[in-house]
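A.B. asks: Quick one: the structure is below, questions incoming.
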Amino acid sequence: MSYTPMSDLGQQGLFDITRTLLQQPDLASLSEALSQLVKRSALADSAGIVLWQAQSQRAQYYATRENGRPVEYEDETVLAHGPVRRILSRPDALHCNFHEFTETWPQLAASGLYPEFGHYCLLPLAAEGRIFGGCEFIRQEDRPWSEKEYDRLHTFTQIVGVVAEQIQNRVNNNVDYDLLCRERDNFRILVAITNAVLSRLDIDELVSEVAKEIHHYFNIDAISIVLRSHRKNKLNIYSTHYLDEHHPAHEQSEVDEAGTLTERVFKSKEMLLINLNERDPLAPYERMLFDTWGNQIQTLCLLPLMSGKTMLGVLKLAQCEEKVFTTANLKLLRQIAERVAIAVDNALAYQEIHRLKERLVDENLALTEQLNNVDSEFGEIIGRSEAMYNVLKQVEMVAQSDSTVLILGETGTGKELIARAIHNLSGRSGRRMVKMNCAAMPAGLLESDLFGHERGAFTGASAQRIGRFELADKSSLFLDEVGDMPLELQPKLLRVLQEQEFERLGSNKLIQTDVRLIAATNRDLKKMVADREFRNDLYYRLNVFPIQLPPLRERPEDIPLLVKAFTFKIARRMGRNIDSIPAETLRTLSSMEWPGNVRELENVVERAVLLTRGNVLQLSLPDITAVTPDTSPVATESDKEGEDEYQLIIRVLKETNGVVAGPKGAAQRLGLKRTTLLSRMKRLGIDKDALA
């Protein structure tokens, strides 16, 4: 069948039709105008436009029913396999009645898009030799169109083809323009957020900046960054809630990872978008969203923060309003999450570098302090006495464990040396032992030294400082004079021992540490507990494995060895050549009480080395006495002039029938400790059993 484009509409009629159709802004309006024109000209009762999208293989349908109701529909199944598919393969006019239509396209007839009609006609829409759809006309009566009417329908179709193509081009141009504008705006947002977050190297500041930018651009009210904690199976949550536009609430907490939505994202490494309901099985900290926002929260979006193949954490966004997480917004939020991941990676790296730098500085200071003090400490354990042998057996027994050790003994007995021996024999010997003296230090300064502080934590805290517990991570911490620790600081020490965690002064961040504690004191902690000067729970926690160091007076057989070792060490340090010590000097030193113990002995030897001329050690006897007046048994018991120590002890033992201890024993009468008397009896060769 041939068509006459101009038909007999007349120039004016054709112009009016063309002008009317060209004025339509979109395809739905074009379909409605076409229906009115064909209805007014009695050519059809309704008209529609079917467009074919070759790229997506979908069909779009625009029509107006006889009752004036507009219809818009698209799919890639029923409609796409209807009459438009036929017109694409055979570009001739397609016409049929409803019965034929139903037999040919039963699914389309049953879809409700086409109410029962009399006759149907579909003409191809073409532009530049390309068919891109069809223009359909429907009559309610079963009466085919005459040849003259087909001419007019074809004329309408030609005009509709031109107009539809223009509308499509305009729509596509608008879509492209909108896309360009959106991409430009998205790029600006990305640049703004990237510049804002990449300059933040502190995690708290970074989270605050991320929340501010996301809230500003997306109006999202609840923003969190979730990172894995140093503690196993724990999460650190940094949250910001915009309950008040001008005063957002910032929170930080640590929660269990098990059973959380974040755990699902860590496993899948994929975005998770869910509609929230208060009845959903949520983890306790996720249910807190409802405590904060009531039932306003609608949607939760969790975006993985990836650095290469490593997942650093999760960006978690909760929104009260619907339709915030659109496809376009989610695409942009994914890109933002990539930038945030870079910033988080940088901040964590900076945090680690800063921590290692501070640790290195503190280690250098501590090492310098240790080197400065090394000359005043004996460099190795010296002693062959049974008392020292028992101590060393205990050291060897406990060293390989991580148990807390409490070293007890008088001042100057070598408690730090024993602590160092325990550390060197332990599995932690690869790292330097950290030490801290608790005596004569104010509580605030001691707390800062032990646990560290943040910048601005107190007046004068101009920089962050790492404490001894943090410095001793994976190593041993020696707390000397622990009995002098202020009572108000003891609970914090107890918490570290029990939980292996603490906070720096001025911070609420929990720091995990793996420290083996070795404590020492010259005080009677049991008595201090009874006098409420020391916490009983801390005492029990420290007293896991006590080691009692004997005073020097109870191991006189070790004194000659110590004198020789100190003499040669000090002489070498002073550039002297002393290779001989008189036996009388050794006997004199061995007979002394040494209330200052090994430290006092070392000081006496150092003075002797200074005064020595030649290579034989010269001890100034008038400056020291073999038995000090306040500890001499003669002061309390001797009433016979000229009675020496040996004779006095023999006499008192005979009078007490060989009883040493107790209120009526020899030690009590002589004014000595039981252990001191036994030590002297051993030195003088006195057997109490032979005297009884």
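Every residue, even glycine, has its Cβ placed from backbone N, Cα and C.
The domain 'GAF' annotation in Swiss-Prot covers 202-344. Residues annotated as domain 'Sigma-54 factor interaction' in Swiss-Prot: 381-610. Residues or ranges marked as ATP binding site in Swiss-Prot: 409-416, 472-481. Swiss-Prot lists 663-682 with the feature DNA-binding region.
Are these features on the surface or tucked inside, and what are their neighbours?
C.D. replies: Taking the Cβ of GLY412 (ATP binding site) as centre and 10 Å as the limit, one finds 20 other Cβ atoms among all the protein chains shown.
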A.B. asks: Reported in the order helix, strand, coil, what are the DSSP residue counts of the domain 'GAF' (202-344)?
C.D. replies: 52 helix, 46 strand, 45 coil
A.B. asks: Could you find out if DSSP has LEU479 (ATP binding site) as helix, strand or coil?
C.D. replies: strand
A.B. asks: Please spell out the DSSP helix, strand and coil residue counts for the DNA-binding region (663-682).
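C.D. replies: So the counts come to 14 helix, 0 strand, 6 coil.
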A.B. asks: Mean pLDDT, the domain 'GAF' (202-344)?
C.D. replies: 80
A.B. asks: Translate the DSSP assignment of LYS415 (ATP binding site) into the three-state scheme.
C.D. replies: helix
